[in-house]
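Q: My questions all concern the structure below.
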Amino acid sequence: MHLATETAPSMATYSSTYFNSSLHAHSTSVSSSNLAAMNSLDTHPGYMGNSLNGPRSMTTNMNSMCSPGNNIGLPYRVIASSMGPHSLPSPTILNYPGHESPPFNILNNVSCSEDIKPPPGLSSLGSPCMNNYSCNSPGALTKHICAICGDRSSGKHYGVYSCEGCKGFFKRTIRKDLVYTCRDSKDCLIDKRQRNRCQYCRYQKCLAMGMKREAVQEERQRSREKSDTEAESTSSTSEEMPVERILEAELAVDPKIEAFGDAGLPNSTNDPVTNICHAADKQLFTLVEWAKRIPYFSDLPLEDQVILLRAGWNELLIASFSHRSVSVQDGILLATGLHVHRSSAHNAGVGSIFDRVLTELVSKMKDMDMDKSELGCLRAIVLFNPDAKGLSNAAEVEALREKVYATLESYTKQKYPDQPGRFAKLLLRLPALRSIGLKCLEHLFFFKLIGDTPIDTFLMEMLETPHQIS
């Protein structure tokens, strides 16, 4: 779905005036944009058949819409200029994996791991990219390769050479007794680039490669014997990534429109998709302001900051307007103050993805009464994505994400001591957010290509530059 905000007057005015004044002012804002899932895509059969059957044709059509010499696009220029007079990263090409994009007639069956599929079953370990750590050959598992995702190993963890990311994932799964589901065929490819896409298949691969549950449990038992030390360590981690600063970032960019409630929300003569696009366009301008308030983000190299913002903007915007909409009945509340009702979304042909936002995000957030500190931590986890393509130091980003995990866990234990499973429930919203974000991004590209929906300048520029989906 799309995000929330007002339409930007003129790109020249907005980008030069707004960003040069506010982005240097250490403010921060991000919202989460979710675009529309089409229920009636058959209305464009010819176009769909010719242009949307594969990544090559999509790229060709998109590139043809870009102005010459503008390969990097406005988001790079605006974000980079707001962070300092540094050189911009080299432009990259929109390079989807070597397979066909999911057919648009199955958009409603979105999967968080549908982009790339290996041969059925874990036999995919025998593929060329996995031969370095094939099956039962200990010699093949070098100390430099993670047996789960192929990233650089940091040592042997729970019986298997693995990276810090897979080690932490396996430990959290066992300690929190998390149960995952695969939205696809339980045969998702797990590699460095997309290890976070399907938690079920990642966990199954951890087990298949030999990670031992009992090793985590034994480690936990030992840690209980050192509870004082652990408490001190947790306190130290919370100080490194203070939840107060994360909350401040959320409040600093809060559009302050909750007062509308369910009654008295402004109506609009525009269709829902147009309203959402306009709202998303405005919220994108506050993305940098929010991110710069998140601890340690501004300490990363400029190029990495740009990559992380561009890799996560859609999920960040979606999370924001979903949380903002918990008090709305059967609809979402945009940052512009406009209310988009479920019925109008269905009439506009975007009912399917709209319903997913309501049931998988808004409803869940409402049921658990998710507060803004928890929302901010989840969005910070999305922001610090070590799998974003092109990072100069993915390990550093991974470490920052782990700090946010620790901060969120500590916060939930202190604030909600009677809800021991709350931390796990919060983390389980991330796969749904990723899945919905990817599908909304596909629909945003579709709306852009068919030209039926006005997408404001900044959002259009964002789409015309390569987007790192990893």
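Using the three backbone atoms N, Cα and C, a Cβ is placed for every residue, glycine included.
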Q: Zinc finger per Swiss-Prot sits at which of 57-81, 182-206, 257-281, 407-431?
A: 182-206
Q: Looking only at the zinc finger (182-206), what is the model's average confidence as pLDDT?
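A: A mean pLDDT of 91 is what the model gives the zinc finger (182-206).
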Q: Tell me the residue counts in helix, strand and coil for the DNA-binding region (146-211), as DSSP assigns them.
A: 22 helix, 4 strand, 40 coil
